[in-house]
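Taken from Swiss-Prot, the feature Zn(2+) 1 binding site applies to HIS62, HIS64, ASP154, ASP307. Among the features that Swiss-Prot reports, substrate binding site is placed at HIS64, LEU65, ARG66, ASN96, HIS311, with the record citing sequence analysis. Per Swiss-Prot, the feature Zn(2+) 2 binding site maps to ASP154, HIS181, HIS234. According to Swiss-Prot, the feature active site maps to ASP307, an assignment based on sequence analysis.
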Amino acid sequence: MKILLKGGRVIDPAQNLDGQMDLLLENGKIAAIAEAVGSVPEDTRLLDLKGMILLPGLVDMHTHLREPGYEYKETIRSGSEAAAVGGFTSIACMPNTLPVNDNRTVTEYILKRAKECDTVHVYPVAAVSRNSEGKILAEFGDLKEAGAIAFSDDGKPVMNSILMRRALEYASSLDRIIISHCEDLNLSAGGLMNEGKISTELGLPGIPTLAEDVMVARDLLLAEFSGAALHIAHVSSAGAVRMIRDAKKRGVRVTAETTPHYFTLTDEAVTNFNTNTKVSPPLRSREDLQAVREGLRDGTLDAIVTDHAPHALTDKEVEFEYAANGISGLETALALSLTLVDDGLLTLSELVRKMSVNPAKILNIPKGTLRPGADADITVLNPGKTWVVDPSNWRSQGKNTPFFGWTLKGKVIMTLVQGRIVYQED
């Protein structure tokens with residue numbers, strides 16, 4: 001199959017490209033990229049994309065696909081289809097499944113199911129510890145051999161400091177990273193939302209930013225001591241941003257991510273007890289939100305991820321205390337992130353770097369570019385299209401979103417994976 005994508009604005013930060021160009025796709029690869037591709041074979045399919053923006057396929061390095069074990073929340077198929085709708089061509093799925101992805105059998109199952117679904121690239125993240133209990137290290141070497149791209153107990157922190165040190169050193173020896181969920185469970189115990197004025201007014205137990213900051217500080221010190229690569233997940237606090245910034249200046253091998261809800265929402269969103277605003281870490285204060293936005297602007301935060309955490313209605317339509325944590329984010333992440341461009345915080349090229357180039361680089365996967373010879377993984381964006389968030393139309397089984405009814409600007413109209421159109425807007 002040969003496809004000529006003609007007349008669109010191509011943005012590829014990996015090549016410092018931003019301009020109107022043609023892309024020729026052949027045998028699943030980028031065959032040519034030029035201001036005007038010359039003669040093409042007769043059997044080439046022509047797609048006129050004038051007015052559209054073509055990006056290297058987005059890479060989400062923090063997704064929860066729920067399968068195996070929680071298929072009532074999401075499946076690898078529904079999650080992959082949601083990713084394609086959102087413009088993501090590669091996703092890294094977290095290990096908090098049932099059973100936990102702490103052994104090669106589960107890793108191989110995920111890869112097998114992803115291959116059967118044949119939608120987007122799926123990269124399994126395996127657990128740091130057996131059953132993510134934080135007691136005994138998982139078999140990193142065996143998991144890497146099976147296809148694990150990184151290690152994380154995400155959803156839970158590794159509270160044991162010596163275990164975390166060993167995990168960093170073990171992963172480093174295998175050229176893999178640890179993705180750390182930074183939370184001191186002793187400080188967050190019993191909390192339901194961010195500790196502050198709003199939690200006091202609502203009468204809900206609070207989780208202080210200190211619960212995040214203490215573990216960020218510990219993990220940065222462990223990474224500095226060991227020389228290993230550390231990636232800090234879903235950064236939400238001003239203290240965490242500040243410490244990561246300082247650590248980078250000292251040469252610590254640390255990268256960090258945040259999600260759209262931490263730069264678009266504050267704890268004020270919880271005031272009507274909407275359980276779709278319950279997330280871990282919790283939505284923080286206005287000051288924390290501003291610090292996260294500044295961290296994105298100055299490069300302290302390397303990546304924007306979805307932390308896509310789909311849940312069934314029964315997990316959310318309960319009292320706030322009993323509701324599950326998480327937001328379903330694959331189908332809204334890009335449009336929410338485009339608000340950073342509209343606000344002048346990032347250029348479009350800088351945003352693409354944080355949603356494609358950098359995540360691919362951090363995970364060490366061959367994605368995030370439209371260079372000739374690369375896989376033809378492409379996100380086609382209509383930058384001017386406005387749309388209303390309505391989860392009843394989503395491909396994801398998880399309809400849990402605090403953004404219901406929001407009008408957003410910028411819509412993915414087509415997603416290609418290895419030259420195949422895996423999503424096209426009706």
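Cβ atoms are placed via backbone N, Cα and C, with glycine included.
Take the CB of HIS62 (Zn(2+) 1 binding site) and look out to 10 A: across all protein chains shown you find 26 other CB atoms. Cα proximity to HIS181 (Zn(2+) 2 binding site) (within 10 Å) is found for the following binding-site residues from HIS62, HIS64, ARG66, ASN96, ASP154, HIS311: ASP154.
Cβ proximity to the Zn(2+) 2 site centre (mean Cβ of ASP154, HIS181, HIS234, cutoff 8 Å) flags the following additional same-chain residues: HIS62, MET94, SER152, GLY155, ILE179, SER180, CYS182, GLU183, ALA233, SER280, ASP307. When the binding-site residues ASP154, ASP307 are compared by the number of other C-beta atoms lying within 10 angstroms of their own C-beta, ASP154 comes out lowest. Residues within less than 8 Å, Cβ to Cβ, of LEU65 (substrate binding site) and separated from it by at least 6 positions along the same chain comprise GLU74, THR75, ILE76, GLY79, SER80, ILE91, CYS93, THR97, ILE110, VAL122.
Sitting within 8 Å of the Cβ centre of HIS62, HIS64, ASP154, ASP307, and not among those site residues for Zn(2+) 1, are the Cβ atoms of THR63, MET94, GLY155, ALA233, HIS234, VAL305, THR306, HIS308, ALA309. Cα distances from HIS62 (Zn(2+) 1 binding site) to the binding-site residues ASN96, HIS234, HIS311 are smallest for HIS234. Neighbours of ASN96 (substrate binding site), defined as other CB atoms within 10 A of its CB across all chains, total 21. Taking the Cβ of HIS181 (Zn(2+) 2 binding site) as centre and 10 Å as the limit, one finds 23 other Cβ atoms among all the protein chains shown. The closest partner of HIS311 (substrate binding site) among the binding-site residues, by CA position, is HIS64; the full candidate set was HIS64, ASP154, HIS234.
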